Amino acid sequence: MVAPGLVLGLVLPLILWADRSAGIGFRFASYINNDMVLQKEPAGAVIWGFGTPGATVTVTLRQGRETIMKKVTSVKAHSDTWMVVLDPMKPGGPFEVMAQQTLEKINFTLRVHDVLFGDVWLCSGQSNMQMTVLQIFNATRELSNTAAYQSVRILSVSPTQAEQELEDLVAVDLQWSKPTSENLGHGYFKYMSAVCWLFGRHLYDTLQYPIGLIASSWGGTPIEAWSSGRSLKACGVPKQGSVPYDSVTGPSKHSVLWNAMIHPLCNMTLKGVVWYQGESNINYNTDLYNCTFPALIEDWRETFHRGSQGQTERFFPFGLVQLSSDLSKKSSDDGFPQIRWHQTADFGYVPNPKMPNTFMAVAMDLCDRDSPFGSIHPRDKQTVAYRLHLGARALAYGEKNLTFEGPLPEKIELLAHKGLLNLTYYQQIQVQKKDNKIFEISCCSDRRCKWLPASMSTVSTQSLTLAIDSCRGTVVALRYAWTTWPCEYKQCPLYHPSSALPAPPFIAFITDQDPGHQSNVAK
């Protein structure tokens, strides 16, 4: 994975945001500035910063000459911080936020302008999240299409590491800004994420109110760097050992990115998170990913809920991109299919009991042989963002009768006497092309098992029959698309007919010889 150069040097504006009259040490948190989006109702947005211990801080929300509300607090002596929770606000704006510190009749004032209320989404992960609009298909057209989205505001966190949890960001690459072709296409793997931007743009098209997008990602990084020590301990992750440099090219030390790039944001009120990571774990703690990923989600949720004084939902929506593919890996390598499976906590679908209120974009059919950034970095981020936003509309916004996931079998029936395996799906299926290798059966004989292809025999709108007569022993399991590169671009065999969403990969045990799994894959 590509690891960008460390971008620092944006600390100076932390002082310049405030009026010249501001006292030394009195300031907003690093990400509270002009053009920002604050979380709308039903939650209350959090405004916080640093000040002189014992001082009183009055936060005023204004629109034009009208005062909307005032909140009064004091600076805590042990942390030099102050915080208020605004009353829930309807989407819209612009507003001005003013903070005034008073100590012994001396006042210092801070102001930020053009503040909107809407939904705030945090986007994180490694380089596929970090890729910019400049790097994707039809970049010129996408970069020219910003004028209609001035209510979608963007913020990008600088790649930074820390040994301990930080209270505030050290630096930012891009302060809250209106989108332009310059800040969306500012080089490769830096500033604003293409997936994040396109996801937010889809949300704005649907919701028609302000969207705030925060990009905090770093290429070549394993999940351990983004996880707190608490969540890693819960999964029994061993202490730092050797890391495979072919897949982990960014920071790998446990928790250093959580400490510096995520924890400082936890006081913010969020709507949700979108996550694109996993490539750096295909040969590193792969077997633990089915624990470390759900644990990360749970820990982020708990920390943001607590940090925002309960304003961020305890189980806020969490979206993920299931891994695409990589031409440099052998098709027999198990890393990619294992991580794809573990990204669902080994259920094959989300949400599930271990990952509630989550949604997923399947990307295994979006391969890109000719990507100048390597096939591990496919350029079609438009489809990724579109599939993500469908999940958000269904899970985060409660839109009914919306197809947001591809078909999974709900029943697998072994007809051994006929040499057939029958799959019944809970959705309609469309066989785009017959592939006699993408389904495989585990055939066991004399205590030895091997995977054999199972060809498609007959297909109907919600069922599929596989021929398994190649197995002379006992069929104990079935898997689908269990390879690094399952198909060419948008050419996997199975899709949902109206939504064009691909069937996700799965593995299922179809006899009681392995009682740990059932043959019902889907919900």
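Quick reminder: no glycine exception, Cβ is built from N, Cα and C everywhere.
Feature annotations, reproduced from Swiss-Prot:
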type: CARBOHYD; residues: Asn107; note: N-linked glycosylation site
type: CARBOHYD; residues: Asn138; note: N-linked glycosylation site
type: CARBOHYD; residues: Asn267; note: N-linked glycosylation site
type: CARBOHYD; residues: Asn290; note: N-linked glycosylation site
type: CARBOHYD; residues: Asn401; note: N-linked glycosylation site
type: CARBOHYD; residues: Asn422; note: N-linked glycosylation site
type: SIGNAL; residues: 1-23; note: signal peptide
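On the structure: features taken from Swiss-Prot.
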| residue | record | Cβ contacts under 8 Å, 6 or more apart |
| --- | --- | --- |
| Asn107 | N-linked glycosylation site | Gln100, Gln101 |
| Asn138 | N-linked glycosylation site | Gln382 |
| Asn267 | N-linked glycosylation site | Ala29, Val46, Trp48, Met83, Gly307, Ser308 |
| Asn290 | N-linked glycosylation site | Trp341, His342, Ala345, Asp346 |
| Asn401 | N-linked glycosylation site | none |
| Asn422 | N-linked glycosylation site | Ile412, Glu413, Leu415, Ser463, Leu464, Thr465, Leu466 |
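DSSP assigns Asn267 (N-linked glycosylation site) to coil in the three-state reduction, placing it in neither a helix nor a strand.
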